[in-house]
Amino acid sequence: MSRFNRRRFLYTAAGAAGSAAVLSALGRPAFAQNRRIRHFWWGNPDRDARTFRVIEIFNEAHPDIEVVGETLGFADYFTRLTTQIAGGNMADVIQMGYGVMFEYIQRGAILPLDEYSGGILDLSQFDESALQAGTVDGKLYALSIGANSHMAMYNTRLYEEAGITPGNGFDPYGWTYDDVKRIGVAVREATGVAGTDDNTADYQNFSDFVGQKGAELYTADGAYGVTQEIVEEYWSIWKDIRDAGATPPGPATAGLVGAEMSQWGIVTGQSATSYAWSNQLVGAQGLMQDALGAAMYPNTAEMIPGSVVQPSQFVCLSRDTVDAEAAVTYMNGFVNDPEMTEALGLERGIPSNAQVREALAPTLEGAAAVSVEFFNNIQGKTMPLPPPPPSGANEVEQTFERIAVGVLLDQVNISDAATDFLRQAEAILRRAG
Amino acid sequence: MQKFLRKNAPAYVFLTPWLVGFFLLSIFPILASLYLSFTQYDVVRPPQWVGLENYQYMFEFDYRFWKSLQVTFTFVVVSVPAKLIFALAVAMLLDKGIRAVGWYRALFYLPSILGGSIAVAILWRQLFDYNGVINSVLRFFGGDGPYWLSDPRYSLWTLIVLAVWQFGSPMLIFLAGLRAIPQDLYEAAEIDAAGPVRKFFAITVPLLAPVIFFNLVLQMIEAFKSFSGAFIISGGSGAPLDSLLFFTVYLFNEAFSYFRMGYASALGWVLLVIIAAFTAIAFWTSKYWVHYENERG
């Protein structure tokens, strides 16, 4: 064993480090070219196909501008975006969601659009509410590309096999958590499939519930507005539904927190009801055979509205744009151009441009038609849009999901978990503020 | 100086590409992260100097920091010895002179190349899924498996198994080490009627000690830095219940989910200090159990 001494040790280790350095030196070449702009969005197969079609239409109509599309799944989108912000090479046009968007605006990653309005950007047909939602401190930062609301999607075949249809023991626009339990158990008994997803760790449902209890997530001065009783009641309601056997087992749900659409209970056949955003109905239906039905999120017996109608997504002009005019021209087409908006359809939500909505109406069928019907039926049953959430809201949401997994697995009692969550939420907001 | 240049200039010319990469892609980011660790930096706005605040917060208030240390230490302490024992066992089998040993070597080495990849992490997720291959096999034999990945009691073990499965590279080094042990020592031991266990502890282990040490240090550093498996299997968050919150995963989350690049840099430096300390301890103990043949006497 004479050949292996201390010096040899170092050589071998240094050699390994050296080859790693050489590999990492082979980076991507940077090149900038005028009139060539990038559009970056998070998507699903259906949305990606539609968006690439839109880019094709735009590029044909504007030979002097070349739009290049980039897409990722939701989970990876913001990681990539943050890396690009740090590197100063964000795409020119980026997609944002209501909520996280405000953190990016506050940090200066997104440019205001006011100077283009009336010029290359036509907002004359845009809904006032949609413009409001993209405005911060009097400046317009974001164009809504679809209105959205919370939607419970149910598998109509499984519901029918259990003898449940709208109007027959089931009011899709006024059902309660007790109904969810009753229907969930009925579906399980008739079909063997769990009747509903378990929303213990679903912050979206939780935020609805907070509204239904007449409280707000954030008070006017940015503190967390939820009480211990509300958190405990929410987790108790879902524990009751779970213990009745209406949902998949707790550990199964624990593995699906924050899952992509392709892993949703309703898509994989593990449950008959999943809870999501209304614009996702089109994408989810595209992954399934059975027809999907639409319902509001369940409510308490008091029926105080807890859902909001809000823009699902926005297109924004990034700080790193290389050609703002070309980018805004493209954004203008994205929300106004008849051919482009027809290619987009309702996949990102109900369009905010009145003319576009009118033009689309006769062409709709299947899931898109269900979406429009859903939107007509929830009128007057939603609550007003609260002010933008404060910085740190995203972390509060993830903390909720993390602690709720302990509840799902029966590892903590509900009261302790609720105390823990509220304590952490306050700490997060203090640190962010 | 002139003489030095004349003699060495060509070498430096050829070294330049590597040196440029080394300074630009290693030294500069390392120094930048040291600076950032004393700042608050949200990527968009310029960094703000906060002194030791990041480090102070970490040790005083950040319970997830302690949790991530606990997870990482458990992983290192269990997976590294398990992997080394497994690697040595397989190396000794291959050293027996099986036919087509080259094929086996390549076969066993394969997971070392693939193991760190995203594809294998995703494969692992499928294997250990509740309705995955492992549980299907268990059910076939009448048993029933748990929720490996979403139950915090088991999730870390799936990653330890994944780490042990990548035993190929220490195995190859062990194999080379075993080949270098003079056969006459074993023959002499046999004449003295030593059994296989005695031969293993009296000849193999002491003569292999430098190689064991080398593998130990390398694998330990590797384990501390382990990231992709935990990241993919936990969906990027360390779930369930932070049971897969490896230090690196936590660092990633702080940096890329919550825009705390300064804090994440501080975490990175703490990891560096931890790895350096453990490596130093290993080197210090090696004085007592590792003997290099050429420094005898």
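Yeah, the Cβs are placed from backbone N, Cα and C, and that goes for glycine too.
Where the annotation comes from TrEMBL, it is an automatic prediction and has not been curated.
Copied over from TrEMBL, here are the features:
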TRANSMEM  B:12-36  transmembrane segment
DOMAIN    B:69-282  domain 'ABC transmembrane type-1'
TRANSMEM  B:71-94  transmembrane segment
TRANSMEM  B:106-124  transmembrane segment
TRANSMEM  B:154-178  transmembrane segment
TRANSMEM  B:199-221  transmembrane segment
TRANSMEM  B:227-252  transmembrane segment
TRANSMEM  B:264-284  transmembrane segment
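Spatially, the transmembrane segment (B:12-36) is not adjacent to the transmembrane segment (B:227-252); fewer than three Cβ-Cβ distances between them are under 8 Å for residues at least 6 apart in sequence. Across the candidate stretches B:106-124, B:154-178, B:227-252, the maximum count of CB pairs under 8 A to the transmembrane segment (B:71-94) is reached by B:154-178. A contact between the transmembrane segment (B:106-124) and the transmembrane segment (B:227-252) is present, since 3 or more of their C-beta pairs, 6 or more residues apart, lie under 8 Å. If you look at the transmembrane segment (B:227-252) against the transmembrane segment (B:199-221), you find fewer than three C-beta pairs under 8 angstroms, all six or more positions apart, and that falls short of contact.
Remote same-chain partners of the transmembrane segment (B:199-221), defined as residues 6 or more beyond its termini with a Cβ less than 8 Å from a stretch Cβ, comprise 76, 80, 83-84, 87-88, 92, 170, 173-174, 176-178, 181, 185-186, 189-190, 275, 278-279, 282-283, 286, 289-293.
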